Structures are given as structure tokens and as C-alpha cells.
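Encoded as C-alpha cells, the structure appears first; notes follow it.
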Amino acid sequence: DREGAGKHIQAGAKKVLITAPGKGDIPTYVVGVNAELYSHEDTIISNASCTTNCLAPFVKVLDQKFGIIKGTMTTTHSYTGDQRLLDASHRDLRRARAAALNIVPTSTGAAKAVALVLPNLKGKLNGIALRVPTPNVSVVDLVVQVSKKTFAEEVNAAFRDAAEKELKGILDVCDEPLVSVDFRCSDVSSTIDSSLTMVMGDDMVKVIAWYDNEWGYSQRVVDLADIVANNWK
């Protein structure tokens, strides 16, 4: 929160970049989505979560091209340090279970946090996380209802266009039948698995996107820090 991060300012830091979702009124920026709105007046900012960094870029494309009415997201996420290696105590009883032995359903604020960088989507997205026994790389499964009728090839074409233009280096599209380990050390925020894109009844769209929740996210932290440095006054 602002009080906790503010201790760094009190100790002499000029800026604080939180590498996690911020609380309260802390401004949130996602590179490729709204980072161009960064103001030098912001002393404490958040780079959101790795999952929001994966989700927001391709959600932005979907909303701009087809208009998102509502949707849900599931991230199948490698287990993290906030879980227990052995069954033990935790405020979340599911995270209390042995992380390397279980699929652990738990909460995530990633979908709702998209509204912090794309305000027009406030109240339209929600989701959960499934923590799984893999060391790295995660995958988002998004299902949305859209206002414009479409089909899978058109959806993938929109992603390809964005990946080659305004979201180059942020979004990628993969046509190969790959698995999670193939996306280790991927520099982009999200990679669309084109063969898994589905459209039901011409207005319900399902998109699968891979992301390296460690390395890929770290790249965006560096990018945002660079934006802060380049706007120094």
C-alpha cells in the first residue's frame, strides 16, 4: 500500500516501482496498454501482476476490435512462494496444502485489475487461479462475450496485426503445438496459442495465452523503469 511503499520515499528513494498489484489509489501501469499515461508526478506506481501483464494486452485488442461485453478468466499458474511446500497453516486453506503435490484453486485479482489499466472494462471481467506443480510458465484461459460477430480466424488475425504493430515485443502469436516449457524465457507479455482460439455462436470467444510469469514479467518491469527514467525531470 501507499503507506508501506512510502517508507522507501522517507528513506531517500525518489521513486518506488511495486512489482505486484498496488493497493488503494496507487497508479497501475502495464507496458503496451497504458504506460504512455505515466506522469513524473507519480512517485509510487505499480506494474500490476504477471497475470495482468499477460491478460491486459490481448484483452485490449479484443475490446477494440470486437467489444467485450463480459467474461471470465482462469490462469493455470506455476506455484509460488505464497504457498506451502508441505501441508501447513495459511490464511487461505487451499494454499495451505502441499504446493508440489496438488492443483490448488485460489483467488486472483488479475482480471479485475485489468480495469485499472482499461477503465472501460470495469465490472466486466473476473477470474480464478489454478496453482499447479510446475516451476515456471503459466497460461491464461479467457472466455468473453463480444458485441461484434466474429470467427476464430478473424480473432487470430487481429492478434497478429497487433503483434506486428502497436504491441510488437509485448504480444506474440504461436501456431505450433507447444507446451509450457517451450515458453521459458519468453520476452513477451503474452503469446496467443492460435490453434486453441475458439468462437461459439459467433459471439463467445475463447483465447489461450502463455506467459513466462518470471522472466517475461521481469522484462516489463525493466521497460516500465526505463519509461520512468526517460520522463525524469
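Note that Cβ sites are derived from N, Cα and C of the backbone, with glycine treated the same way.
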Same-site D-glyceraldehyde 3-phosphate binder from ARG95, ARG160, given that Swiss-Prot records SER49, CYS50, THR51, THR80, THR108, GLY109, ARG131: ARG95
Name, in the order they occur in the sequence, the residues of the same chain whose CB lies under 8 A from the CB of ARG95 (D-glyceraldehyde 3-phosphate binding site) and which sit 6 or more residues away. ASP82, GLN83, ARG84, VAL104, THR106, ARG131
So which of the binding-site residues is most packed in, judged by how many other Cβ atoms lie within 10 Å of its Cβ, out of SER49, THR51, THR80, THR108? THR51
Taking the Cβ of GLY109 (D-glyceraldehyde 3-phosphate binding site) as the centre, count every other Cβ atom within 10 Å, in any protein chain shown. 16
